[in-house]
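Copied from TrEMBL, the annotated features are:
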type	residues	note
BINDING	B:K7, B:F8, B:G9, B:G10, B:T173, B:D174, B:Y179, B:R184	ATP binding site
BINDING	B:T47, B:E74	substrate binding site
DOMAIN	B:264-347	domain 'ACT'
Protein chains: 2
Amino acid sequence: MSLFVMKFGGSSVGSAERIMRVAERIIEKKEEGHQCVVVVSAMGDTTDELIDLSRQLSDQPPAREMDMLLTTGEQMSISLLSIALHAKGHEAVSYTGWQAGMTTDATHAKAKITDIQPQRVLDSLEAGKIVVVAGFQGISKDGEITTLGRGGSDTTAVAIAAAIKADACEIYTDVDGVYSTDPRIVKVARKLVEISYDEMLELANLGAAVLHPRAVEYAKHYQVPLVVRSSFTYNEGTLVKEDAVMEQGIAVRGIAYDKNVARISLIGVPDQPGVLAKVFGSLAEQSIDVDIIVQSGITSEKTNFSFTVSLTDLEKALAVVASIKDAVPYDEVSSETNLVKVSIVGAGMVSNPGVAAKMFDVISQQGISIKMVSTSEIKCSCVIDQEKLTEVILALHSAYGLDTNQTAFVGGPKDRR
Amino acid sequence: MSLFVMKFGGSSVGSAERIMRVAERIIEKKEEGHQCVVVVSAMGDTTDELIDLSRQLSDQPPAREMDMLLTTGEQMSISLLSIALHAKGHEAVSYTGWQAGMTTDATHAKAKITDIQPQRVLDSLEAGKIVVVAGFQGISKDGEITTLGRGGSDTTAVAIAAAIKADACEIYTDVDGVYSTDPRIVKVARKLVEISYDEMLELANLGAAVLHPRAVEYAKHYQVPLVVRSSFTYNEGTLVKEDAVMEQGIAVRGIAYDKNVARISLIGVPDQPGVLAKVFGSLAEQSIDVDIIVQSGITSEKTNFSFTVSLTDLEKALAVVASIKDAVPYDEVSSETNLVKVSIVGAGMVSNPGVAAKMFDVISQQGISIKMVSTSEIKCSCVIDQEKLTEVILALHSAYGLDTNQTAFVGGPKDRR
């Protein structure tokens with residue numbers, strides 16, 4: 001008997017019919033002799049509908065009240081799923097975030113979990129019940145209802161799995177695993193059998209939407225084995241764990257891309273101490289995340305530098321840059337959009353020095369210019385024109401031996417491990 | 001400065017626009033210098049929609065999970081109303097039942113309030129905020145979410161008013177007060193300026209839907225002055241209190257009717273000890289409420305008796321009667337539907353012995369036969385054919401001097417007090 005946390009997203013419980021299907025899926029697991037804690041998100045479009053309703057009342061609803069509003073979405077799903085499980089003859093009990101002991105800090109809309117006291121969950125498991133827990137929500141120590149922000153239900157699932165020492169946390173979603181890259185672009189993208197936490201974290205941060213980075217971080221911290229798999233099929237999913245085995249001869253695990261990127265360049269900035277700190281300090285004060293930063297000297301007195309921000313932050317960032325012109329008297333500022341950041345990720349890169357060089361080579365062979373570069377031990381990112389995305393991804397995927405028709409993949413999933 | 005509890009029902013908060021209007025209403029009260037605790041029900045059809053959703057999953061959803069599901073309705077309303085109040089520049093804070101300290105027993109779907117610890121409500125009032133509390137819901141001492149059953153939001157409002165020692169509890173609804181009888185039947189029905197708890201309790205029990213009997217009982221127990229008034233107009237409402245002044249020369253406060261009534265008659269029942277106990281004990285075991293009971297002897301050995309049950313319980317009651325034929329060997333059983341129970345209610349009846357007699361007189365003058373009668377100190381009920389309802393109500397209303405064009409009502413509301 002194993003103890004599983006199973007997390008189902010909003011589209012998996014988007015209608016009565018789908019809730020019934022999810023119930024069946026859970027019952028199969030239970031009838032295999034396992035204990036099940038299920039974490040669910042709000043049904044389909046519920047959250048968006050609630051947000052719409054609030055917007056009819058206010059442009060700036062208080063975060064506390066939005067948390068009060070949005071947490072009803074998961075409370076509906078947990079009760080409906082429990083009702084479905086009962087209808088199919090299984091004892092089930094639903095718990096809201098606070099009932100499940102999910103304590104968070106008091107930062108509404110993006111609270112962080114500070115403690116979990118899962119006694120009720122454990123008692124109900126002990127009593128043979130299926131436990132259904134509301135994702136995304138918690139309670140502050142002052143008894144305020146909070147939400148965990150984006151990706152919150154994944155985080156809830158992982159956190160509960162850690163707290164109750166589950167054997168695995170299964171994330172059921174509308175794709176059947178983590179792919180080497182976006183299968184909508186690369187038809188021969190491969191589903192990964194395994195991936196390490198670090199690699200998954202990079203992929204998630206770099207644009208792969210299948211798991212939220214916070215959930216992966218949490219899983220890594222508590223060493224919770226994660227499985228990403230489909231709600232709709234029985235295909236084997238992808239296992240996320242500490243030391244994922246690399247397929248032979250392959251240094252790159254996956255290729256991610258992110259279109260939410262814009263470049264700002266400051267030309268002719270006085271080469272003085274504190275200038276960079278002033279620029280990026282001012283951006284940070286406005287909660288603008290800066291990603292890649294590239295500096296290049298032109299004369300001994302002046303320098304140029306470029307940096308990327310989210311496309312959605314561009315206007316705000318340009319306003320900040322304009323506002324500090326007195327303190328940082330640059331000659332010129334320019335910005336560029338229609339960009340994409342393409343990243344290769346793989347734990348093997350650290351021991352294979354040629355991996356990043358190959359990326360530059362492949363891209364330049366396509367006659368495409370690389371605008372910015374950023375590297376870490378397990379990833380390399382290049383910013384290029386968005387219109388070149390498809391050809392670059394296809395070329396990289398093939399060059400790193402990731403296409404499913406390439407020889408590295410002869411054999412079934414087990415052979416590949 | 002007074003402290004008010006204001007309760008708004010589901011139709012008053014049925015849309016964003018209506019929520020805005022309710023917010024304005026509350027702000028007016030606040031700007032008059034009062035403190036406000038607002039209790040709201042779920043928006044319009046939300047509860048019915050949630051019930052529908054659950055029925056798609058199960059014919060018999062567990063009561064615990066239904067409570068979990070249905071309480072989301074009020075949680076939505078409280079957050080949306082608080083957002084609206086904020087949008088209009090007023091500090092407001094919403095509390096679920098458990099946050100407001102509404103402790104109940106563990107009887108899901110019809111929990112009883114056992115204790116209220118309104119510290120958070122009081123603290124927020126102290127801080128100058130408008131407090132918005134979810135009606136209908138509470139928490140058991142084991143941390144289970146419960147609902148109070150029908151009329152629950154009225155009960156929440158009265159209970160909180162009692163706990164925080166509010167000066168009054170105002171029930172805002174879609175009618176502008178308590179009427180002497182149903183204004184849809186009697187165009188000259190009068191809105192009552194005052195009514196006593198006992199009278200209101202009888203009227204509510206006898207079919208007047210404007211307030212739930214439990215809320216009235218609670219108000220009486222804690223001596224909370226209740227005001228029933230319109231959400232949509234500024235008309236003066238009806239004050240429910242201990243000693244309501246009676247208009248001069250009028251012994252009856254109001255006339256109620258209830259069509260949810262059916263009669264069962266047992267003919268030729270052995271006149272032995274224990275027979276009645278057997279019949280009504282068996283009905284009680286099946287949770288069937290019996291209202292009026294009339295017994296009449298025919299011979300020395302056998303007796304007949306009739307009793308009324310809710311129309312909705314008729315089939316179930318007949319089955320119970322059939323099942324006890326061995327223990328109670330009656331000759332015959334019959335049942336009758338298309339009935340209505342008409343009741344006059346008034347604290348003045350106790351000191352005016354002719355009031356009930358007048359009722360029988362008025363009805364018989366219409367050539368209508370009275371099938372059953374039941375009286376108490378402050379009410380008299382007659383069961384008649386449903387098709388005679390309108391003419392009987394009109395005749396009684398006029399006979400007791402209740403029509404607004406009758407002389408007892410010359411003068412404005414203040415003169416009538």
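Backbone N, Cα and C atoms are what each Cβ position is placed from, and that goes for glycine too.
Whatever TrEMBL says is automated annotation, not expert-curated.
Since this is a predicted model, take the numbers as computed values, not measurements.
When the binding-site residues B:F8, B:G10, B:D174, B:Y179 are screened for a C-alpha within 10 angstroms of the C-alpha of B:E74 (substrate binding site), the residues that qualify, in sequence order, are B:G10. For B:K7 (ATP binding site) paired with B:T47 (substrate binding site), the C-alpha to C-alpha distance reads 17 Å. For the domain 'ACT' (B:264-347), the DSSP-based tally of helix, strand and coil residues reads 25 helix, 35 strand, 24 coil. Across the domain 'ACT' (B:264-347), the model assigns an average pLDDT of 89. Around B:Y179 (ATP binding site), taking its Cβ as the centre, 22 other Cβ atoms fall within 10 Å, counting all chains. Note: the Cα of B:D174 (ATP binding site) and the Cα of B:T47 (substrate binding site) are spaced 18 Å from each other. A straight line from the CA of B:R184 (ATP binding site) to the CA of B:T47 (substrate binding site) spans 27 Å.
If you count neighbouring Cβ atoms within 10 Å for each of the binding-site residues B:K7, B:R184, the highest count belongs to B:K7. In this structure the alpha carbons, written CA, of B:Y179 (ATP binding site) and B:T47 (substrate binding site) are 28 Å apart. Under the DSSP three-state reduction, B:D174 (ATP binding site) is assigned to coil, being neither helix nor strand. Considering only the binding-site residues B:F8, B:G10, B:T173, the residues lying within 10 A of B:T47 (substrate binding site) on a C-alpha to C-alpha basis are B:G10. Counting only same-chain residues six or more apart in sequence, the Cβ atoms lying under 8 angstroms from the Cβ of B:T173 (ATP binding site) belong to B:G9, B:S12, B:V210, B:V228, B:R229, B:S230, B:S231. Taking the Cβ of B:F8 (ATP binding site) as reference, residues of its chain lying under 8 Å away and at least six apart in sequence are, in sequence order, B:V22, B:V38, B:V39, B:V40, B:S41, B:Y172, B:S231. Under a cutoff of 8 A between CB atoms, and with a sequence separation of 6+ in the same chain, the neighbours of B:G10 (ATP binding site) are B:S41, B:A42, B:M43, B:G44, B:D45, B:T46, B:T47, B:S77. In this structure, B:Y179 (ATP binding site) is part of a beta strand by DSSP.
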